[in-house]
Structure formats: structure tokens, C-alpha cells
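Below you'll find the structure, written out as C-alpha cells, and then a few comments.
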Amino acid sequence: MFDVKTVSLEWGGKTLTLETGRIARQADGAVLATYGETVVLCAVTAAKSVKEGQDFFPLTVHYQEKYSAAGRIPGGFFKRERGATEKETLVSRLIDRPVRPLFPEGFYNEINVIAQVLSYDGETEPDIVAMIAASAALTISGVPFMGPIAAARVGFIEGEYVLNPKQDVALADGRLDLVVAATDTAVMMVESEAKELSEDEMLGAVLFAHDEIKKVIGAIIQLAEKAAKDPWDIDLSDNTADIKKKLKDLVGKDVAAAYKLTDKSARSNALNEARAKAKAAFAEEGAQTQMVAMKTMKKVEADIVRGAILKDGQRIDGRTTTQVRPIEAIVGFLPRTHGSSLFTRGETQAICTTTLGTKDAEQMIDGLEGLRYENFMLHYNFPPYSVGEVGRFGAPGRREVGHGKLAWRALHPVLPTKEEFPYTIRILSDITESNGSSSMATVCGGCLSMMDAGVPVKRPVSGIAMGLILEGDKFAVLSDILGDEDHLGDMDFKVAGTSEGITTMQMDIKVAGITREIFEVALRQASEGRAHILGEMTKALGEARTELSAHAPRIETLQIDKSKIRDVIGTGGKVIREIVATTGAKVDIDDEGLIKISSSDLTQIEAAKNWILGIVEEAEVGKIYKGKVVNIVDFGAFVNFMGGKDGLVHVSEMKNERVEKPTDVVKEGQDVYVKVLEIDQRGKVRLSMRVVDQETGAELEDTRPPREPREPRGDRGDRGDRGDRRGPRGDRGPRREGGDRGPRREGGDRPRRDRDDGPAPDHMPAFLKSDD
């Protein structure tokens, strides 16, 4: 029933198995990839014809994580997988970016690549497995895919490169989380987060990954030899030479003149005029010819721009290849935000704000590994007005999610620990102008806004986007590329970092032939550019502010003994709710006894802190505390102090002079200062008010004269003056001998008095005297 084909190899200490022929047999290509106990199914389908009038390549990649893969049921009301999560969107982009350039120009058939995680072992990251499965499925599908590619994750732990570590382990135990996708001969994509690694260390990691990737590519080729379908028979020959020549003759000079205009709007208008002129020249041709002519027009523009850069080193806006556009940075220009910056580089501009919050503002993330919370968020928005266009404005798309995550990776390594800075941090970046490298503007502006908010970052971070023009043996690396240079170039290479090293690197390469020499030149040139940008940022703000904004919440942390946690929380949360309701501060306590008290009002924090300290601390003899009278009795008043302790102020300790009644001095609910005089063995606390200034709480000198010592009882003489005190027995008469009581009965009871013994004694109640 099944014609199953399988290949396996040992890779990174685990077995990687690629299988086809058992599942999803109606797809053009389907591969089940197993690595460890993580299993990913990837299926590829392709439309057999091109939609009429279509002039682009509609490749769609979907990556989905099934909760059942980890033995979990989705949380929330709807118990099924919903729309793509941020992680699923990012992995979809990871698959798309290295695959898209490997389809031939002019191939416009729609292709769907769907990767689903079916099993997850908690150790092997499924994104790498999905990228390998997608490449294998495309390779055996028969579509004109010029692969295969493969992918690998690299960590840098204790000075050694490690293949395919778990993602969180890579950064917890090491300094690097790097994903590389490549063909057998060329690196196609790099995505990374690093803890200030040097350029050489980053380059070494990329080359290490490429060597390991080649092993997987060999396995994919083996699978294709066993199971690949016949390649599609399509005509992709370039028959546009005549059209291209006609366009160059017609509008070549107009295009060259347009690209010499340094202003983006003026340049765009001039190019649109040239395109309209070209379109008019083919107005009498058929619709297909017109479409081909306009596609060829883009090639004409690319040839003119690329030729000028390679031949003369002349860029679109007149800069040299290493020159960075003018930069202006402003901080604190939004009065009510916790931190803000306006970062402008040429015609790219970002408004960045930083907002500080408490623990309850953390982002809840539900995934295969369970529920977790993230205390650092960065959200990137790209409205259509930023490029002078009319377009959709609403929920973020894949591009916005990807750019935001890139900036997040750049800034995350320099954040303080939760212990150093217990705030939730959210950076919002709104791109207000864009002409290249808006994600790196977000890095620079986001860093400045955090510093303006008082976030103690380790070091400032700057970022730069690099480009590449490659023609044969000639190449030019461009610093701080424009949008047009990005579209017309062969590489988009973004690097961010501090003065000490790289924190993130992202690379998308559109052509083969990127050599180590080109990598080294690009990294060196990027380092120089980052240093220049960092200098410009320092002019606006050199280091993080030492004070938080007046509008930001304050958080104080308090560590208590674990045994005291239940005392602070109370039965059913009664105590902690009372603290919050009374003081107005937020109080969070974790299982380790770390308490976070937060409020925008410092007096509320202080009140809650003192309350908690009163619960967990022991009173000290001789120390003065502020308390509240909670009960008044005849002999004194009970005072509650340290939040949860009561002590007695005896009436004699209220004032130095005599006090008749405690209510003459205090009343219930009154705040008083008390000094601890004594704590007995049972924990009872004796307090004094008279030795404390009730206005200031300062200790007073005890001015009460000491009591005169009593005469010792042994010196009271023979006490003869007291007389004989009513004689030997006074009026009671002589003590009876007891004989008239009679002997006790056997049961120990006295004999009952006989009525004939005489009249009842006078002291007896009347009802006992009665004879009735």
C-alpha cells in the first residue's frame, strides 16, 4: 500500500530521519522529518498554471505547532489551535527567506508549503526540523526549486561551537543562538542573538554551521534520488532582450537622471514619469507583452544603479559606499511617556517609547513547552504613510512581526536582570518615515528610549543595514542602505551591537557566490558604521538616566524567609488583600519569598513595606515603633505596631505624671510612638509611650524619679503595736475540736444533722430552717 522511502544520518548526537511515501501522498511533495523525538510533517503543493495577469511569485509558507505534539490541550475558551502565534509567524519566515530566492525568475505558479509539528520531545527545536523537511519536500516535488537547502542552530558555550542546542539553553549557558540556512555551496540566510560576540566569533559560527549543513544536504539528495518526481517542463527562457534594448534607448537616460536625485520624493516622481513613458511605448501591444515590458523596466533600473555603484562608487543619494546618512536623535520629547526618543537617519525615522510596568503586565505566552511569561516586549509598526502610500492600516503583518523580533534580539542581551530591575518593559516603535533600514532605526531609537526611561542597560546598542552589489568578481559593500539599494542589491545584511560586540546579525542573500572575503568586508564595514552611529546617539544621551520618570511606577523588592510567606498572604489571602486595599500599593510574592511592592506613590510603597516588615520581623527591645491604639482597657491600652504585632502600654507608661484613666491620654485609632520595654517568654510585649516624643518619634530622657525602695519585710519589727487582733479568736469563740461533727461515713460524707439537735443556725437559708 505504501511505497516508503527513508534516509537517516547521525547528526549532532541524534538521528535525523527523512521519510516520504507514507503520509500526504496527494501532495506534490511530502516529507516526515524526525530528529530525536521531534517529528515535523511538511507538504508542498503547487498550482499547475499561472493566474492571468500575475507578475509575481506567490509562495506561501505556513508553520504550525500542534499542542498534541507536546501532550497538551490549548488553553482558553476555544480548545483548538487558532491563528498563527508570533513564534509560528517567525518560523514561517525562517523557512520562506532562504527558499524564495532559489526559484527561477519568471516562475509565477502559486506554491504552498505547510509544516506541522506532530511530536515535540522538549529537547530538539522544531524550527530547524521544519526547515529541513520543507527543503526536502520541495526537492522531491518536481517544481523548479534550485536547492536543496538545510539549516542548523549553533550555540557558543565555554568558547566552543555547539550544534543544535536547545534555544533557551544556548543563551542561558552560552553566548549565542544562531540559525543558518544554506545550500551546498552558499549561505542563504542568518538569524541570530548574541551576547556581544566579536565579528570573528560570529563568522566562525556561520562557517561551522555551513559545514554541518552539508551533511544534511547530502541526505536530502539521497532521498531525492530514491523518491523525486519528474521535474516540471516549463519554459523560463529569457526572451526579453529586444524589449530591454528598446527600454534602454527610450528611458535609460531618464532613469539615470532620476537616480541622481537625492530626495526620495523627487526621485520617485521622476521614476514614475519614466515608467509611464515606457508603458505608453507598449500601449498598442497585448496585455502579456505590456506586463513583460514593465517587469523588464525594473531590470533596466537595476542595471543602471548597480553599474554606477560598481563603476564609479556612486550611490543613489551621492554617498560613498561607507558613508552613513545624517543622524539626529532627540530624547524625552513626549512629556507623559516613561521614556521616549525620536531617531532620524536620512529619510528613515522612528518614534520610540518605553513603558515600564509591574509583573502583572508581563506577556503570557502559551506554546509547546507550556505557559511562560515574558517581561520584555518590543512592538514595531509600519503605517503606510511612512512611505507616502495609501494602504492597509491595522493588525501587524508578518514583516512587522519579523522586524520587531529582530530589534528585540538586538536589545535583549543588554537588559538588566529581573533582580537588578524588576520591571516589565515594553518598547513601541512607530515608523514615521522609511527609506531603508527602519528595523535598525528601531534598535537605535528603542535603546535611547529605554535609557531615557531609566532602564540600566549594560551598554548602548546601535544597528546598521548593509547591502551588496555583486557582478562576477566585482563587488561593493554598501553601508546604511536605502530602500532602493535594498531592492536592487544582492544582500540585506543587518548588524546591531554595542562597543564590545555584536548582539544580533540578520542576513538574507539573494545570489550565490558570497565568499568569506565578502563576509569579512561586510562585517568590518558594519562595525565602523555602528561605531559612528553610536557616537551620534551618545550626543543625545550618553548613559541611562539614574531616576525614573515621575509617571512611572516604582517597585521595591523585599526578600523574606519562606516560612513567613503564609503569614504575609494570610488565610485565603486575607492579609495581603488587606495590605493592598489599605495602602493602595500592588504586592506580588513568589514561591521563593521575593516580594515586589509597586506604586507610582512612594508613600504607598513605604506603607506596604512597613506593614510586611511588621509581619515578618521580630520586635527589638529598646527600639521605637509607630503604632495604632486598637483597644483601651482600665489598666492601659493595646497598641498594634509593625503591622501585625500587639503590645500593652500600661497606664503608668503613658505619661510621667499620674494618669487616672487611659482614655484621658489616648483613644482608639490614634497613632502613637512606642518603645519596646520587654518581651516575656510567652512573647507578650510591654511598651512605653512616656519615653518617646509623640510628635517626632524621638526617644526622650526618662525624667520620672525612681520609686523610693520599700522597707524590707524583715525590718518591720515585732509588729506588737497591731494588738492581739480581736484576742485569741475574737467573737468567734474557741475553735471546736471537731468531735461534734462525728466520724465520716464510709463514703466520706458527713453525718446529716438531726432536726432534734436544736434550732438551725442563723446563717442557714430560710428554706433549710423550715420544718415543713
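Each residue, glycine too, has its Cβ placed from N, Cα and C.
Pulled from Swiss-Prot, these are the features on record:
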- D486, D492: Mg(2+) binding site (BINDING)
- 701-760: compositional bias 'Basic and acidic residues' (COMPBIAS)
- 553-612: domain 'KH' (DOMAIN)
- 695-772: region 'Disordered' (REGION)
Quick one, of the binding-site residues D486, D492, which Cβ has the fewest other Cβ within 10 Å?
-> D486
Secondary structure tally of the domain 'KH' (553-612) (DSSP, helix then strand then coil) | 32 helix, 16 strand, 12 coil
D486 (Mg(2+) binding site) in three-state DSSP notation | helix
How does the model score the domain 'KH' (553-612) in terms of mean pLDDT?
-> 90
